[in-house]
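Undergrad: Below, the features straight out of Swiss-Prot:
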ACT_SITE  Lys111  active site, N6-AMP-lysine intermediate
BINDING   Asp31, Tyr32, Glu33, Tyr34, Asp35, Ser80, Leu81, Glu109, Arg132, Glu166, Lys282, Lys306  NAD(+) binding site
BINDING   Cys400, Cys403, Cys418, Cys423  Zn(2+) binding site
DOMAIN    581-662  domain 'BRCT'
Amino acid sequence: MDPKERIKELREKINYHNYRYYVLDQPEISDYEYDMLMRELIELEEKYPELKTPDSPSQRVGGEPLKEFEPFTHVVPMLSLANAFSEGELRDFDRRVREAVGDVEYVVELKIDGLSVELIYEKGIFTVGSTRGDGIVGENVTQNLKTIKSIPLRLKDDVSLVVRGEVFMPRASFEKLNEEREKLGESLFANPRNAAAGSLRQLDPKVTAKRDLDIFIFNLQKIEGRKFKTHIETLEFLNEQGFKIIPIHKKCSNIDEVIKEIEEIRNLRDKLPYDIDGAVVKVNDLEKREILGQTAKDPRWAIAFKYPAERKKTKVLDIIVQVGRTGALTPTAILEPVAISGSVVSRATLHNEDYIKEKDIRIGDTVIVQKAGEIIPEVVEVVKEERTGQEREFVMPDRCPECGALAVRLLGEAIRRCTGLNCPAQLLRGIIHFASKDAMDIEGLGPAIINQLLSKGLIHNIADLYYLKYEDLIQLERMGDKSVKNLLNAIEESKTRDLDRLLFGLGINLIGSKAAQVIAEHFKTMDNIMKAKFEDFTQLPDIGPKMARSIVSFFAEKQNVEIIEKLKNAGVNMKKIPKEKVNNIFEGKTFVLTGALGNYTREEATRIIEERGGKVTNSVSKKTDYVLVGKDPGSKLKKAQELGIKIIDEKQFEEMLKGENI
């Protein structure tokens, strides 16, 4: 490939994966694969310097911060580290350092696999904590960081300083969290790092407080009124002040000792109660660090040694298909057990049918397996030269292995999904969604009660909710006479919900509350929706081919039609309720919502505004007329204040609905 084209392709890939990792916290590739992409880009740009541009990801530290938290400019830029993957590269680093400053001592530390943060203390008091973001501007997550018990809120001395540390989740806490999420039908975190990042970025600090996060401090960024000679001295000082410093930090006299220590850490890796993805080598002398300086993206006085993902050879004994809580069918390889990274692996994800075809993975193949992100085992390569001719090709089923319903793969998607409302694999999540506030709004019917109803065999689908009796509910834990009667009343009241709420509550793939409104408004009855053809849906505004195929496939499934009939027989409303005439008090007005409202969900508030002629947008601009502010608002409030936009609270909003104070 032409170097210019390859550089362009690499930049696009890296920018995409930066976004997935830094902004969404949903990485798609392992750190090692990402590092290899970045390395190739850097090598090509060095070979062809005329192709290097200021906006290349090789010149950046990371991605942009999320917008939900207030942006915060770091006191000291939070640079990334250059990476080494071999002993030769470590020796090259050592040579460059010694050429610049002579003989040096190094410190070798664990490279914790977590989320990097900056903590600021003023006269001994913790004042601000922020995530790394793009290295220059991060997110202010002070309130969430205060929930981490290992972060001192007050230091031993009244000293002003800035430190950098790594927030992480211990493996035991990660496993416990995923077990709890599985019971509630929530999506599981892929690994402890993702769990730590997702937990720290919760808008509600109470959620963060329950997640058992921890932190290790690994660098003193800045301090007022004191001087230190070495990095080891700063760590000892920080420990005295009450910080939980990086637990393994060994002083080494030369690069040979460094290499030996890195190998010792590698051997220790599986025994640690938290994840590491390498070791960090730092110059110990702080004056020599100043002389060495830094590039635009990393310091010249430190380097990270990254351990490659461990790979092992084994055999594919079978390929089975598992059904997730969202109805996604995932092929899984059953393997001859093999020890990788301290655990025995007997299963590995194959992601989807395209992945199997692309790698040409067959039952009976000899394959190479690795643990991506140190957690999820995956098949990365087939050893085709070891094929015997007895291997069998795998065919992805078009029916759900759990319930037998049609499994549909929409155009442009890699995942095949079960369409069955009765599917046991997705039943808990489906009923939680059906009872949620924006769907049938059954007050008092939460995950804990739904879990009990399912485990006792009292319900097998959403329609069974409407056939529950007093004697069914009174046997449940924490359900007294009053709470049983309240729940039965809530179930009965939900029968009167509008058609779009019912349609949304069915959990049809791609059909959100807005699409459900459009469909219900057009077809008026559930019978009409069920009879409609693909082209009938695509003619509607905002309903594309994927959504049309999804809804047609859903109602083509016999078990779904039977459940609709059962709901109908229970007295659940199946028609569009004519809207009461409301005045267009918000005609031509643009609203932005920020924070949690007390009496409305975001969807309800949006619906109320739109029904009265208004429009709701996601960002504040000069064209915004009102910003409706709830509890814990984000940066939108600050921007509205800067632009002089009218800010209203929930009480003022309700007064406006009555025609007052507009």
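Cβ from N, Cα, C; glycine included.
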Undergrad: Of all the binding-site residues given, Leu81, Cys403, Cys418, Cys423, which has the fewest Cβ neighbours within 10 Å once its own Cβ is left out?
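TA: Looking at the binding-site residues Leu81, Cys403, Cys418, Cys423, the Cβ with the fewest others within 10 Å is that of Leu81.
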Undergrad: On the 0 to 100 pLDDT scale, where does the domain 'BRCT' (581-662) sit on average?
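TA: Reported value for the domain 'BRCT' (581-662) is a mean pLDDT of 87.
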Undergrad: By CA distance, which of the recorded positions (Asp31, Asp35, Leu81, Lys111, Arg132) lies nearest to Cys418 (Zn(2+) binding site)?
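TA: With Cα distances computed to Cys418 (Zn(2+) binding site), the winner among Asp31, Asp35, Leu81, Lys111, Arg132 is Asp31.
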Undergrad: For Glu33 (NAD(+) binding site), just give me the three-state DSSP call.
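TA: Glu33 (NAD(+) binding site) sits in a helix per DSSP.
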Undergrad: Give the number of CB atoms, excluding that of Lys282 (NAD(+) binding site) itself, located within 10 Å of its CB.
TA: 23
Undergrad: May I ask for the distance between Arg132 (NAD(+) binding site) and Cys400 (Zn(2+) binding site), taken between their Cα atoms and rounded to an integer number of Å?
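TA: Between the Cα atoms of Arg132 (NAD(+) binding site) and Cys400 (Zn(2+) binding site), the distance comes to 43 Å.
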Undergrad: By DSSP assignment, list the helix, strand and coil residue numbers for the domain 'BRCT' (581-662), in that order.
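TA: Residue counts for the domain 'BRCT' (581-662) by secondary structure: 27 helix, 17 strand, 38 coil.
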Undergrad: List nothing but the largest Cα to Cα distance in Å, as a whole number, among the residues Asp31, Tyr32, Glu33, Tyr34, Asp35, Ser80, Leu81, Glu109, Arg132, Glu166, Lys282, Lys306 that the record says bind NAD(+).
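TA: So the binding residues stretch over 25 Å, Cα to Cα.
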Undergrad: Tell me whether Cys423 (Zn(2+) binding site) sits in a helix, a strand or coil according to DSSP.
TA: coil
Undergrad: Through the lens of DSSP with three states only, how would you label Lys111 (active site, N6-AMP-lysine intermediate)?
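TA: Note: Lys111 (active site, N6-AMP-lysine intermediate) is in a strand by DSSP.
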